[in-house]
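Report on one structure; see the data block that follows.
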């Protein structure tokens, strides 16, 4: 017997919490691509209108379409006709909206990488629960948000639940980067070219021309250009410069060692 479809959770968004927001997002982002779009978006808005009005609505009604248009004008900030997590998060009450709080603190991939280097204190390629709490504590202080230990624990638990894809209780760089707006998450570019240990070691050795054990900015530039060409990716010099700067923010005084580069280019950090 087929399972009865689950009802959308917690659509009274004026009272929604961060954990409830997670339930809403996962329910409507049915294909898990990081957006609510197409039929997902229509389903979301229909359920939102039903929750607000306390009765069913007709998607073919012109009023429904007009209300949905107004909704998109308000929340679809980059006007691409779909809603990403950080855009939908604007619906949350201010005190619960840690996603927007995050964006106020780290709004670009370059800033994100600099923050990663600060909070991945043991240089493991992961942020564990304690490191994550330190990150969030700093984040909330910088944005003048009031919180207590219980709220900090809730936020950390929610982010782990949201972004810890393999359930190991810690966040890798690519997982944590999902907090960024999609257009700022440059790591998505490299998802299809993740290297294994043997491939990475061969590439690092090749581009470390002087054999000093690290790659500098010029060597990284050559590596990224070749990576683009090998994988038949269109080279946009502006984007390439931005990616290079973001990755160099992981470096130690302009020296990008194996451990820093591998968390960008490898499927898993190399042991």
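Quick reminder: no glycine exception, Cβ is built from N, Cα and C everywhere.
As given in TrEMBL:
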type	residues	note
DOMAIN	16-51	domain 'EF-hand'
DOMAIN	63-98	domain 'EF-hand'
DOMAIN	107-142	domain 'EF-hand'
DOMAIN	151-186	domain 'EF-hand'
DOMAIN	195-230	domain 'EF-hand'
*May I ask whether the domain 'EF-hand' (151-186) has at least three C-beta pairs under 8 Å with the domain 'EF-hand' (63-98), counting pairs 6 or more apart in sequence?*
yes
_Summarise the domain 'EF-hand' (63-98) as counts of helix, strand and coil residues per DSSP._
24 helix, 2 strand, 10 coil
_Taking only the residues in the domain 'EF-hand' (16-51), give me the average pLDDT of this model._
80
*For the domain 'EF-hand' (16-51), what does DSSP give as the number of helix, strand and coil residues?*
25 helix, 2 strand, 9 coil
*Secondary structure tally of the domain 'EF-hand' (195-230) (DSSP, helix then strand then coil)*: 25 helix, 3 strand, 8 coil
